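Below you'll find the structure, written out as structure tokens, and then a few comments.
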Amino acid sequence: MEGSENQEQLRPSSIWNAEPNPGNHACWHFLLLVRVSTHDEGNNSMPRIVEDRNVSKGNKPAPKKNFAQKSFMRRRRDISEKMHPFPSQGRQMDAPMMPTYGGHAVDALLSHGASGATALFFQENRKDSRTLRILRQAEGHKVPLHPVSRKTLDEMTGGARHQGFVLYCANPEPTWQPDHLSRLLRTLSEPALLLVLDGVQDPHNLGACLRSADGAGAHAVVSPRDRAAGLTPTVRKVACGASESVPLIRIVNLARTLDELRNAGVATIGLSGEADESLYEIDMTGPAALVLGGEERGLRRLTRANCDRLARLPMLGAVESLNVSVAAGISLYEVRRQRESHRYPPVAQDKPSPP
């Protein structure tokens, strides 16, 4: 006001709307006021900014609501309800639900009994032969069927290639314990062929190794429990059904397992680019376990020390090494080639006698 010593001007800066306090009948409104006071000191003026919060009973202003985040969380909740198809029945799951997606993976899981399967989501309006076969298998196992749109399947799998199928299971991973390895070796009617992975962490590599192991007739894949990939939805998808036919035995101590294999008469052959001997020079017609290292470090020092022999794959080009899943496939099929040749040796042909 003109003539007064100090002039004050109130300017609203921002407004918070706090959530209602259960102890009060009204919602608290907080208003941040910035008061600019001018003090005349001769011919000089110095503005002074004072923050004043209208706070009652020690309550603090509530943070601004992020409506975009709220909308995103609502969509997540809707998708979660679709993934767990029994919310209204109050069904309690003994184990967390895990999806298996992809035509081959879902087909293989249903073909092997669909243990713990709780719901099958499939792309609506599909009538191809594979879809009809999978639906008949699911009905045979009394698995609830849920036709949904492709967009819904994309959201349920995070954009992964689901091929129109998502199967939810309460306990999708087979309970292969470390002692199953010794039982397996005792029941085999042919020389054992094992693939041992030392710290493979990429699920795509593990899935590809399982697929190659299945194709080459390996009896099991052995991998540590710690610092290694497990049987995830991605592994199942990449394995294309091999995760249901080839046991993935996860052990606690790899060095001790290699020692047990040696005592059981299984030759442990570690693949290393620094080895002097080529894999093609080793006789693997007897019981054998191929040991491959992880993506970054390869075979660890203790693993190398516990292998019976070290071998390398010949590298004739500029690159120094192969992907672990590629090396596994080449090595497994070299074992298969040797055993097939040993089982069916070439027939000697009589040389024609000279005239």
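Using the three backbone atoms N, Cα and C, a Cβ is placed for every residue, glycine included.
Where the annotation comes from TrEMBL, it is an automatic prediction and has not been curated.
Note that this is a predicted model, so its numbers are computed, not measured.
Residues Gly293, Leu322 are recorded by TrEMBL as S-adenosyl-L-methionine binders, and the candidate that the same record lists for that site, out of Leu310, Leu313, Leu332, is Leu313. Highlighted in sequence order, Leu271, Ser272, Gly273, Leu292, Gly298, Arg312, Ser321, Asn323, Val324, Val326, Ala327, Ser331 have their Cβ within 8 Å of the centre of the Cβ atoms of Gly293, Leu313, Leu322, the residues recorded for S-adenosyl-L-methionine, and are not part of that set.
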